[in-house]
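*Asks:* Pasting in a structure now, in structure tokens, and then I'll have a few things to ask.
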Amino acid sequence: MDSKESLAPPGRDEVPGSLLGQGRGSVMDFYKSLRGGATVKVSASSPSVAAASQADSKQQRILLDFSKGSTSNVQQRQQQQQQQQQQQQQQQQQQQPDLSKAVSLSMGLYMGETETKVMGNDLGYPQQGQLGLSSGETDFRLLEESIANLNRSTSVPENPKSSTSATGCATPTEKEFPKTHSDASSEQQNRKSQTGTNGGSVKLYPTDQSTFDLLKDLEFSAGSPSKDTNESPWRSDLLIDENLLSPLAGEDDPFLLEGNTNEDCKPLILPDTKPKIKDTGDTILSSPSSVALPQVKTEKDDFIELCTPGVIKQEKLGPVYCQASFSGTNIIGNKMSAISVHGVSTSGGQMYHYDMNTASLSQQQDQKPVFNVIPPIPVGSENWNRCQGSGEDSLTSLGALNFPGRSVFSNGYSSPGMRPDVSSPPSSSSAATGPPPKLCLVCSDEASGCHYGVLTCGSCKVFFKRAVEGQHNYLCAGRNDCIIDKIRRKNCPACRYRKCLQAGMNLEARKTKKKIKGIQQATAGVSQDTSENPNKTIVPAALPQLTPTLVSLLEVIEPEVLYAGYDSSVPDSAWRIMTTLNMLGGRQVIAAVKWAKAILGLRNLHLDDQMTLLQYSWMFLMAFALGWRSYRQSSGNLLCFAPDLIINEQRMSLPCMYDQCKHMLFVSSELQRLQVSYEEYLCMKTLLLLSSVPKEGLKSQELFDEIRMTYIKELGKAIVKREGNSSQNWQRFYQLTKLLDSMHEVVENLLTYCFQTFLDKTMSIEFPEMLAEIITNQIPKYSNGNIKKLLFHQK
């Protein structure tokens, strides 16, 4: 309302002043026509204009004092009031008001001052006192007349619902200062805390608390909360300035792109930002909106999670740059600033700095950029523009950016500590272009070639040859599990020889290799003669067999040498040796079952026939294989059950050992006397599998006879191969078949002792489960005589 509007009741003289002026400080009469009514007290705590212009508020504490008294110095007080108003107006003109703080104060926000109080929709004033009524000077009759006169003279046509306060100041409407839920609650709390009483019955404030609108002279922008009563004050444009939050928040900024959270994060492909100069000297600026930009993609994995896709913030951190997988010649600006991707959780808070050229980029869609953060180096921007293949039309490969004074690795990373004149070292991937070096299968040293059928070094080759030809009886001082490597291969020759046999080394492999080489040379010579004389037809005397023979198949399926695991450091005993032999025999039976199933034609027999043949012949196979190992390794003088268990004469002298060892030594001595070859041994071993059948015959008897005759012929071929076309072939065939017949007597003696130790529980000799099952099934058949021996010669 107008400050000059009279508040005096009709028929009453003017009062020159207020009685409160002398006792309570300076009194200003805002309304010159006010008579005997409200006076305004300006607190003495703000005596100067300078004190009134503090942090967030330029207002003074205004207190109302309703009294019935009057003073005599009204004119002087009015002059002081006018002077102070003029000073305040000049100060407001000199200083531009802070809109954001004014709006915050008008909404009742706490701005952080120590003496500022949140007062709902009211402004915050220094806490000097509260509104109160002077005791003993109250005239409610005059107050009622002043309020009645005020209500008649201050009606507003625009807003008929607005009300005026008892002080004569217009109350701000809800349209000008909308109330939020928090403001209303805060106002109610302040009313309760500041409400005074006079005599315990009179309330200090009316229901609609009046405030002073000291911000009406300020000009609000179109986005002010006063324009919309339904809008939240927190959405005011006065408090939010996008240009203040990020320098890249422009509408046309090329860095602000849309992206999806399920897409890969790939670098931005930007246009050439190098300023182009016309002939006249003017600079041609390219429009960012005309550039087709790809989407900024984000990716999500176990460690990196992007929460706000596509938001990029630019921070000025100084001359920092980085090498990236881009090509071209130009760099953005003279001074690179850090570019960080929001939402990426990076350890240590590091940022990715793009130092790239965008003249002409060739970025494949399935490749990701490689960043290399480089510490700041004072290098001019003109030096940054130099890279390999510079020029606007030239393209550099991915990650080929180069800087002067640095060598670039082939994988795209640059090393700031290398000299520029030193060539870059090759990458690790390109260094190892060839295959890895081949290692010896025995000692893991570098292999020199394939020796005796196995890839070994020269040392193991010589050792194996000397061990076989010298017929050494190696014994391990430990548990037959010594480590054989390049350094410790000479510590234990027994374990080294065992490892050679496990690898498959064989002296016969060298002879076979020589034969194959001779056949290849002969074939090459025949083809050369044919090419020289095309009209001449040559028929070779014997063509090499292209199909594998039965003997070659038997060589392939031959079981490997097994180890007994016998501890030679413990004193020997007959019980411990026999138990170890039984355990070794059980594993050898399992290997024999696999070997028998691999024999050509044997799996065509009935399954019961296969099991019957194995039950009848398992001791034949064990004894004959033992004789062969003893013949090859000790010339038939020792029994080589395993590389780690060799029965010498001392062990043969143990109780219950000599008689059984004597039968087994007979086999090895016969093989030594006849000088049986490896092919002959393989055929004879197969025939021993087919040497015993039940008396009633097999279910597949005819097929069994055919298979047996096939391997008899194969034994004849092995004899011819060894002796050649000589008259002694039949004699040798007789000798070998005679040895096969003698195996029945040897096996009968061994089985008799085996059955005895199995049935005699007092000896406490252990048998493996599979071997015990076979013996249990075989004992009744032998006791009943239900066995038919297939002999070559009649007795």
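From the backbone N, Cα and C atoms, a Cβ is placed for every residue, glycine too.
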*Asks:* Among 440-460, 545-565, 650-670, 734-754, indicate the range for which Swiss-Prot gives the feature zinc finger.
*Replies:* 440-460
*Asks:* At a C-beta cut-off of under 8 Å, are there same-chain residues at least 6 beyond the zinc finger (440-460) that contact it? List them, or none.
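*Replies:* Apart from its flanks, the zinc finger (440-460) reaches 484-486, 489, 496, 499-500, 503-507, 509-510, 513.
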*Asks:* What number of additional C-beta atoms lies within 10 angstroms of the C-beta atom of Lys438 (ubiquitin cross-link)?
*Replies:* 14
*Asks:* Across the zinc finger (476-500), what is the average pLDDT of the model, as a whole number?
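*Replies:* Across the zinc finger (476-500), the average pLDDT comes out at 89.
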*Asks:* Counting across all protein chains shown, how many other Cβ atoms sit within 10 Å of the Cβ of Lys721 (SUMO cross-link)?
*Replies:* 13
*Asks:* Give me the DSSP three-state residue breakdown of the zinc finger (440-460), ordered helix, strand, coil.
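*Replies:* In the zinc finger (440-460), the DSSP-based counts are 3 helix, 7 strand, 11 coil.
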*Asks:* What is the interatomic distance between the Cα atoms of Lys721 (SUMO cross-link) and Lys438 (ubiquitin cross-link), given in whole Å?
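*Replies:* Distance between the two Cα atoms comes out at 36 Å.
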